[in-house]
Amino acid sequence: MGYLNSVLSSSSQVHSDDGPVSGGGLSQNGKFSYGYASSPGKRSSMEDFYETRIDGVEGEIVGLFGVFDGHGGARAAEYVKQNLFSNLIRHPKFISDTTAAIADAYNQTDSEFLKSENSQNRDAGSTASTAILVGDRLLVANVGDSRAVICRGGNAIAVSRDHKPDQSDERQRIEDAGGFVMWAGTWRVGGVLAVSRAFGDRLLKQYVVADPEIQEEKVDSSLEFLILASDGLWDVVSNEEAVGMIKAIEDPEEGAKRLMMEAYQRGSADNITCVVVRFFSDQAGGIGSSSTNIPIDHGIVPDRISGDSST
């Protein structure tokens, strides 16, 4: 277990309302690299957070990546960023039953956030789109409308579903719980919230749950890369466009920056956060093999978008 101490790494996000930040890391055993880019975009405040983390659990090296898009302020997204993955890796079944551990960690984090805030930040909530790498397994979980897309065999494949109130099953769940969905510029829970699942949202908690949908993918030679992003990207860039834009960009940090800048240039009105994880073709043993993974964090590098006039 001694070697695990040398591989623990986490992004140290600077929450900045001033301009874009980016960074990334590389596993020394050549299994994967990752990059992130985040910008307030045209907004004057920043409610997006991200997390990139390498950790050791029961002798296994795991990668944890997430994008958290806040609403009603930044507090809920910040809390989820700080606590979700810690709760997950402490779960006693994290390795033996990862899917159950993820579901429990999501709900534990939601419950603890609501308790910690008491009656404060009653409108604060957050989406989450997360990817967990354990050996040759990739588990993607989400609540809300931050999306995960993979490139497998050259094709863009969504591996998460946006949780919107007008989806028939989501609307039925909300109505069965005593809530309602109505049109107010877009379909909203209680005429207020445009996502049907989220962390926080105390006043709507009976209807807006933090139960994640989880999808598992095998990490093999056909899996090229993963994109996690807030809706600041997906509102203006399709899954296929996003994959096509960065397919030839080997550096995932540069790929994340490319997506962020494209969304800004297309007029995205929201904060924009992207995480890209690129897998290499030799996947024998997955990322948790006995070779030591030492991420090389490039750090957070300010990189203002040309012509940025954040408002």
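Numbers here mean position along the shown chain, with the first residue as 1.
A Cβ is built for glycine as well, from the same backbone N, Cα and C atoms used for every other residue.
Not measured: the values here are computed from a predicted model.
Features reported for this protein in Swiss-Prot:
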- D69, D231, D270: Mn(2+) 2 binding site (BINDING)
- D69, G70: Mn(2+) 1 binding site (BINDING)
- 1-14: compositional bias 'Low complexity' (COMPBIAS)
- 33-279: domain 'PPM-type phosphatase' (DOMAIN)
- 1-26: region 'Disordered' (REGION)
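Recorded features from Swiss-Prot, shown on the structure.
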residue	record	contacts (Cβ under 8 Å, 6+ apart)
D69	Mn(2+) 2 binding site	E47, D48, A77, S126, T127, G144, D145, S146, S230, D231, G232, N271, T273
G70	Mn(2+) 1 binding site	E47, D48, F49, A76, A77, E78, A124, G125, S126
D270	Mn(2+) 2 binding site	G41, K42, R43, S230, D231, G232, D235
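The local packing around D231 (Mn(2+) 2 binding site), expressed as other Cβ atoms within 10 Å of its Cβ over all shown chains, amounts to 25. DSSP gives G70 (Mn(2+) 1 binding site) a strand state.
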